[in-house]
Structure formats: structure tokens, C-alpha cells
Amino acid sequence: MSEEGFENDESDYHTLPRARISQRRRGLEWFICGGWKFLCTSCSDWLINICRRKKELKARTVWLGCPEKCEEKYPKNAIKNQKYNVFTFIPGVLYEQFKFFLNLYFLVVSCSQFVPALKIGYLYTYWAPLGFVLTVTVVREAVDEFRRYKRDKEMNSQLYSKLTNQRIPSDMVFLRTSEKTGSCFIRTDQLDGETDWKLKVAVSCTQRLPALGDLFSINAYVYAQKPQLDIHSFEGTFTREDSDPAVHESLSIENTLWASTVVASGTVIGVVIYTGKETRSVLNTSNPKNKVGLLDLELNQLTKALFLALVALSVVMVTLQGFVGPWYRNLFRFLLLFSYIIPISLRVNLDMGKAAYGWMIMKDDNIPGTVVRTSTIPEELGRLVYLLTDKTGTLTQNEMIFKRLHLGTVSYGTDTMDEIQSHIINSYSQGSFPPPPPPQLKPQSSAPKVRKSVSSRIHEAVKAIALCHNVTPVYESRAGVSGETEYAEVDQDFSDENRTYQASSPDEVALVQWTESVGLTLVNRDLTSMQLKTPGGHILTYYILQIFPFTSESKRMGIIVRDESSGEITFYMKGADVAMSTIVQYNDWLEEECGNMAREGLRTLVVAKKSLTEEQYQDFESRYNQAKLSIHDRNLKVAAVVESLEREMELLCLTGVEDQLQADVRPTLEMLRNAGIKIWMLTGDKLETATCIAKSSHLVSRTQDIHIFRPVTTRGEAHLELNAFRRKHDCALVISGDSLEVCLKYYEHEFVELACQCPAVVCCRCSPTQKAHIVKLLQHHTGKRTCAIGDGGNDVSMIQAADCGIGIEGKEGKQASLAADFSITQFKHIGRLLMVHGRNSYKRSAALGQFVMHRGLIISTMQAVFSSVFYFASVPLYQGFLMVGYATIYTMFPVFSLVLDQDVKPEMALLYPELYKDLTKLLMVALTIRTWHWLMVVAEFLSLGCYVASLAFLNEYFDVAFITTVTFLWKVSAITVVSCLPLYILKYLKRKFSPPSYSKLTS
């Protein structure tokens, strides 16, 4: 396969459209309330789909090393987070602007000035503000889009040839690996959220080839089914035609390497079968959408209310005029004269404010590395009600650390591990072998129980942990790994620096690393044996007779080994306490200690053993092999045979492993909860793991109960379980993705209503599309603002579906960060992002919006009084530039200085997150400034300077002789006092009798 096969090309693609279900009101009311916008959107979507000519997904045949034999054209392999292309940018941006009533209204008003009978002033009076608004918007969108383009280009310019420990760029069939076993481990946490490593197997035909170059000389092809959403299934065939007879191999999911997964061991060679929009990861990603903030939507509704007031005022003026002459023309002229009630400058001020908020966020030294990728929704950070977070890599580091060993009577923590090490050294100090076990003369039940010493119990426990696992030690090869030396033998040393462990679960790696730290080291393993190294350097060999792998149903794994030196056969088993409590001998401490460790957020495993005689094992082996040959109910029969061994096992120990949390996760989640934000954890990981992290991160407080939603498959089961859940109060909910699907299918409204009452919700085994679906459900049923935060490719759909998407730029890649509206480097930064910047952005924009409308009402009131005095004439009070200047240069600087205002210091906002829920109302800018900034004073003087300067340049608009008199000064002063004093008194009285929550903190 050529290097070009892995090259990422620049090209845009669009993912498959998602069906959207919405209930719309019909008739005149529906049309007035926004139906016209829905119709326009539907028509534009229809035109886009017609123009796009989406190609049907098909199965394909891919020839090895012969791209010229491919007849079909397939998508180029590129990621694309851009919203537009060269042709759709201008139409798309204009549509996004004019779908708002505010801008559409001003477009109509501006166009009316081309009609001579309706013309009121100069064209620039209306077109200049509108043009400025559109220019600012287009430039801002162009900058955002160009940044996305540059980030995508950087990602798409990477070249791949032989994959080793890096992200797989496209969906492939696994042909060859440098590992002698013909298999390798891959990490899939960025695709499905699962922390377990997956074992992938190379196609045996290509793995057996003598040299790597032979891949290009054989005549072979891969047949692959058409691209599908399901990341857990695949059907295909591999055929080699130049052998006699022809080789045909069936391909399944274990022969595939999906895009966004990472090769964790060795190097791999594959043939690309799906690229670009046809890869599994992209098919599970929704289209990026243009996000509109709730503040913008509210202002749009307020604009409609102001328009109705404008129409009513114009009708009153025409009525008082007596409907004389062409009254309908006068009505339209009054609509134009009072149009400043609806301020076009509102969009300019808000958009510039948003740009300022984004700049402040990125320049904040307390949250370094934060990037604002979507500059249109910073206020959303201050209005969030639901936070939906990923687990792996977001709340946790996915790094397991052994924390606790409990033997029943004695417990060892991180500070007493040296005692275990000294016991192990003593156990092996007398020779290269451990002390022989006591001979089994009689069955244990009839023999008197002899209490073992602590030292022997520790030795037995550590040996069990070192043997009962599926971990393989790997030593880095010092010879080259290309060409004929691909499988060259090297001298493997057992040095700690050269050894790494591979396993399907990070928990198992943590356990084996711990046994190494206390002196018993796993140095080698193959399919039939494993070797341990004692503290003295001696090698102990154990033959692997049987392995019973961990499954989500059994919740345990077991292994039968034979000691080479003594010939003793031992059955070791470890698993979850719920599964092991009925298997081990009676004890009075296991349940209590498991509860204690779980409350600390530790993942517990119970370890047990059973010694077998040769006869017992031979009997078991014959029954086990016979069960494996069964055609009917094979799994049930095999499980029954294994369970015959799982009786009265000797309990050795209880282990506690901690999945390390990200820095300051606990105080951050506590802060968000106090701010009134409900937190949902959506993860692709196992139920037990998700529950442990929910406890350790304090997502669920120690005093709260947890209701684990039982697996349901039918409507009746879902109904019963929902009724059981309804009877619980103030408890957290844990539910799996499969059960969630069933509940949403039959009882969507009831389930969401119950879940929203929970203080915390944990959804485990969630696919990427399920995560996005949950976000949309919350938006649809609650109408509240949602925020999604994640770090992996499997979180992109959720991030793009939420009202506000936050990506964490972690060690596992930048997919989530690139697709998000805001990018942060650590989870703890979300606290300051919301409590300080989100709150300030929302309060400032709210004040800004209210004052700009207040300013428009003032000039419109003056116009109404002027027209009333002069016999209701539709003549403008101010001409030309003065009207434009009033809405822009004369008042813009003091108003815009509101973006610098803050009611409390950032430290106070973080200390008292309850302030996040608070929002004050605006009376007047000068009377509502809480913290004066020197730039605010500069803005006041700058505005005054602009006014004084215009007296010289625009003297035809001003009566300079009157302005310079004392009469003018005292009249202006009197009007200002009369206007401001009542408002100031009202504000003082309100603060006196009903002070805002932050006033106590600022005193």
C-alpha cells in the first residue's frame, strides 16, 4: 500500500443529515410567530440538498497497491469544521442576519428610502448604520471561518505511512503488524469513550508473508460492506487470487482499525476502505450548526414588541391628524420617523461587545490557553442550566493508581506499601521459591482452620494479583523494524526502563505495576505460560492451563495456573464485589469495606483462590472441553461448568484502584452545583466505572442515594422500572444507553421529566449519537440552555448539538477542541469561564441592550412631541447626520464602556457561585455603573469632544449663538436633574429596601 493512501487531503464534506422531529402550530398565528422563517429555512435546505447531489453509500472492492483498479470516486480524507465554503459564505451570512426581525425590518426601512414619496432624509441616514452592521458581521464571521480553515488545514496536512502509536486517519482493514502474535492493542476512547484497550487481529494471509514488500507483489483485494453508523460491527472478505487455491478469509470487526483510534502496541499496516465523510467517526458526528444565543432571541422578540408599539404610535398620530389627504403615506412616514424605537445600532454594540468579551477571555492569565472559536455566544456562558460532561479525559485522566489493599484484619494504603514490600522480600529471602503450601491431606471443610500469619497472607494476595490478569509485558525492540528486520530477534533484558505493560483494561495494568513496585514483577508472558521475577532476581514460571476472560455479564475473570516448581494447580479469580460475594467463603468484612472504598471513589476488586488436585482439574477440563463443543446453548453450558469451580473460594484480599481525576474536579463540580447548574455525565464506559467516578468526583454527594436503573428491553419492563424510580426522592440516576433507548422510545416525556428532577444523572455505555440526542431532548423538553464539554472525537456530536460547546485540548487529540465554541486546557477552567466571564458577559450585554433601546425611545419620544406641537406633521426633528450621529458617535463610547463594568470582583464571583443566578435590571448607565474603569471616564470625555467638534464642522445644524448662552446651560442642567433625580431616588430606595445579592459583598 502506498504512502499516498494515508495522505489527508483538503476537501470539504458534509455529514449525513439527521431527521428532526418538531411539532409546529399551523395557521395565521403560526405564520406570524415565526412560520415565515421556518418556510424560508425549509426552502433553503431543500435548495442546498438539490445542489449537493448527495451520492448513495455503496459497498466497495479495494485492491492492494493498485489504486488504478478502483472505478468509483470516494470522498477525500479530510476533517472539516467550517460552516461555509467560498460560494455559500456571503449568502449564508446574509441569511443568518436577515432571519432576525431586527435586521429584516431595517432592510425594508432602508429600501423604502428609494421611493421619493417616502423619503425622509439622506440615504446614508439608514444605509450607513445597516451597512456598518453587515460589514462588522461579515468580517467577524470571515475571521472565525478563516481560523477554522487554518486549524483544519493543519490537521489535514499530516502524512502517514506505517502507523505506530498515533491516531489512525481513516477506516482500515488491518493487514500486518510488527508484533509476532499477529495482533495489536488499540485505544478507542476517542471513538466510543471506553477506556479498555481492544485487541485487533491482522489478516492471517498478509501477516504470514515473509517480508513487508510482498504486500505490493500479491494479487489481492478487500471487499467491504457499505459505510454504516454501527462502530461495533463490520462484514467483509479478503481474497488473494494468485495463490493455488485462491485464499478467501472472512473479515469482522476484529480485523478493522477505525479512524480516531490509536495504535497502542507495535506498528501496523492497513488498507484504507472508508475515508472522509464515510468513516465511522464522521458518520456518528452531526452537522455543525450556526448557534444563536438566547439573549439574541430575546432581543429579537423584544424588537417585535417594539415594532407593535411603533405601529400603534404611528396609527395614533395619523388618527389625531384626522386621516386627511393620503393618510396611508403619512402612516408609513411616521413609521420611518419613529423607526429609532428599534435601534439598528443595537446589533453593532452587541457584536462589538461580544468581540471584547472574547478578547478578555483569551487574555485572562488565570485560564491560559483558552480559545474563543465562536465569538457570537459569550453570553450563553452566563445562562447555563444543564452541563453535560464526558468522563474519560474530561473528569478523569484515565490513569489508574493502586491505592488500597485490604486483608480483612489489616489494611494497607499508599503510605504503608513499604511494609508489604518488606514482607514480600522476607517471603522469598530463604531461596528462589516461595515457601511450599501446607499439604492438602483432607478437604478444607473438615480440617481445623489454622490462622495464617500476616506475612503469608500478604504473599498469597500479591502472588494472586501478579498472576490473575490478562496483561502482557512488552520490551522495546532495539533492532530496526523495517524490511527484513521487522521480526529480528533482539536480546530482551528485563530492566524496568525497557518494559511496558499492555492489557485491555488500565485497571489490570495498575495492579501489575503495583506488584512490580512491591517486588514481584511480571517479566514475560505468552499463550501458555508467564514468568515472575522475585525481589532476589529469581524467575518463577507458571503454566497457564485455562483463562476465563472478564465479561460485563459475569463481572469477573479467572485463570488456572500450574506452578512449574511444585506442580501445584491453583484457580485464581478476581471480580466485582456483587459477583464475588456469593462465591467466596463466609466473611463479615467484605461488604462493609467495599462500601467504604466505594465512598472514597476507589474501584474495588475482590481476589480469591482455590487449590485444585490433579484429579479435580482433569475432571473439570474434560467437562469444559465437552461444553465448548456443544452446538446448542454453548455459552450457558460453558458458564455452568466454570461455575462448578466457583464455590467456597478462599478470600485473599480486596484491592482499591483510583482513576485519577483531573486537577480540582471536585471543587469545580461543587461550585457549578452551587451556581444552580445541573450536571449530567454521559460516558461510553461501563456502569461500575461510571458510578465510581460519579462518587469520587463528588458529582454525587456522599449523602445522596444512587438509583441504578435496571436493564430493560420491553415496554412493560420500562414502565415498571420508571414507577420504581418515581418513588425515589432526591437520588442520583445511573442508566445505561440501551435502557435509555427503550425508555425514550415508549416514555420519552415521563423519563425526561423524572430525570430533570434528579440532582445528578449518569448515562453509561452511550454512543456519540446518543449523547447528542440527550442534549436535544433537554433542549426540547425544558427549553433551558445546555452546555456540553468533552475532549474526544466521540464528544463532537454532543458539543455541536449543545447551545454552548466546550472542548478540552488534551493528550488524546484536538477533535473536540476544534469543533467546540470555546476551547480550554483543563476542566477546572470551566469554573472561571462561567462564574466570571459568562456572568459578566451576560450582565453587560443585558445592560447594553436595555440602554440602547432606552436611547431609541428617548429620540422617538422627542420626535412624537415635536410632531404633535406642529399639527402632527410627518417631518423629522433632526436632519441627516445628527440622527446618524445620535445613534452612533455621540452616544456610542459611553454606552460601549458598559463592557468594562463589573458588579463584584472575580474572586467574589468564584467564592459565591450563587451570584451566577442573579441578574439586575438597568435604570440608567451613569447610575448603574458598579465599578468605574478609567476607560469609562475617557469614553465620556471622548463623546463630549465629538459633540463639541461637530459644532465647528456642522454649524448649519446647530444654533451656536443659543448654545453659548447661560440660558442654554441652565435649561440643559435643569432637564438633566429632573430626568436623573427621580431615577436616582428610586434606585436608592430599591437598594435600601431590596438590596441585590452582590451588594453585601461589595460593601
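Placed from the backbone N, Cα and C atoms, the Cβ positions cover glycine too.
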If you check TrEMBL, which stretch out of 124-143, 744-763 is marked transmembrane segment?
124-143
Intrachain neighbours beyond the transmembrane segment (331-350), with Cβ under 8 angstroms and 6 or more residues off its ends:
102-103, 105-106, 109, 112, 118, 120, 129-130, 132-133, 136-137, 295-296, 299, 303, 306-307, 309-311, 313-315, 317-318, 845, 848-849, 852-853, 855-857, 859-860, 863-864, 867, 874, 876, 883, 887-888, 892, 895-896
For the transmembrane segment (305-325), find every same-chain residue at least 6 residues outside the stretch whose CB is under 8 Å from a CB in it, and list them.
101, 105, 331, 334-335, 338-339, 341-342, 853, 860, 864, 867-868, 871-872, 874
C-alpha of ARG603 (ATP binding site) to C-alpha of ASP795 (Mg(2+) binding site): distance in Å?
24
By DSSP, what is the split of the domain 'P-type ATPase N-terminal' (70-127) into helix, strand and coil residues?
29 helix, 0 strand, 29 coil
Look at the binding-site residues THR392, ASN794 and tell me which residue has the greatest number of other C-beta atoms within 10 angstroms of its C-beta.
ASN794
If you average per-residue pLDDT over the domain 'P-type ATPase N-terminal' (70-127), what number do you get?
80
Per DSSP, how many helix, strand and coil residues does the domain 'P-type ATPase C-terminal' (818-920) have?
71 helix, 3 strand, 29 coil
Could you round the CA separation between ASP795 (Mg(2+) binding site) and GLY684 (ATP binding site) to a whole angstrom and send it over?
10
